[in-house]
Amino acid sequence: LFYRYWFALKYGCQAAFKQKSSGDAPETDPPNFIQKQAIDVVTDINMLRVFKTFLETTPQLFVQIYTLMDHGKNNFWQYVAIIMSFCGISFSTVDYQISLRKSLPDKDEFRVLPKLVYLFYKLLTITSWTLSISLITLLHVRSSVILLIFLWICGFTWTLKQHTTFCKSKKMEYLYRTVVGIILIFTFFNIKGRKTKVCISIYYATHTVVTLGILFVYMFWKPSIIKEIHFTIVSILTVLSLVLGIIFLVAYYRHFHPTAYCRPQACSDEVDGEAGQKDSVEISRFQNFIMQ
């Protein structure tokens with residue numbers, strides 16, 4: 001991250017000073033080329049922040065919720081911390097989406113309404129799923145671990161089938177796919193910029209079935225723990241978040257999501273590296289995302 005922040009500041013300052021001295025310039029001129037480099041580096045930074053969020057903040061949030069339900073002690077500041085964690089996770093995904101739109105030249109600007117719709121879609125679906133995982137952990141820890149491992153295997157397998165080529169070495173590529181598999185446990189993550197209507201439908205259909213299955217087990221098993229964790233409130237919040245999240249998901253992908261990320265004539269990008277390479281090789285930003 002420090003390495004990328006350094007280059008973001010470097011390219012940003014160069015673009016700012018050169019643009020002031022040269023005024024408006026064509027896209028091929030150095031100021032705009034450096035500006036695009038700065039945008040690409042910032043996009044990579046936000047992508048790594050998403051990785052950090054789902055590797056660090058999300059597990060901590062999961063433990064917070066589990067501890068709160070297990071001990072049954074109501075603490076106002078714990079609730080505030082949980083809500084802020086949910087918001088932080090959602091905002092990181094929105095920041096990444098904003099940067100991604102800027103790095104793709106043929107995409108419309110991410111305006112206020114699409115940002116809000118996307119934010120609520122992520123916030124509500126992640127909330128519902130995290131509560132579901134916490135419930136099954138409270139019921140049976142081993143079942144929760146098995147479920148999470150199974151979901152990670154499914155996500156990792158899907159990334160393998162995508163044949164991503166984002167990193168310089170195979171080891172780093174497999175590390176990238178491993179991290180994406182962890183992210184896919186909690187939310188959908190499009191790694192290739194392709195149409196994902198079928199994949200995202202299967203993904204959230206699976207989450208819906210598993211969530212309803214967990215609630216079904218609680219309702220018919222009727223463990224003594226139900227009264228201790230106010231199961232009615234938690235189940236209503238879980239189902240309501242899931243339904244509203246899917247509504248916002250459908251609204252976003254129907255009205256605000258780009259229909260195609262990569263158009264050969266409009267969405268080409270230089271390979272990260274020396275500027276002199278741009279005439280010899282052109283490649284989509286999505287196909288060469290974190291090569292630096």
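Heads up, the Cβ atoms here are built off N, Cα and C, so glycines get one too.
Look at TrEMBL and you will find 76-98, 119-139, 145-162, 174-191, 203-221, 233-253 tagged as transmembrane segment.
Among the listed stretches 76-98, 145-162, 174-191, 203-221, the one sharing the most Cβ pairs under 8 Å with the transmembrane segment (119-139) is 203-221. Counting Cβ pairs under 8 Å to the transmembrane segment (203-221), the top-ranked stretch among 76-98, 145-162, 174-191, 233-253 is 233-253.
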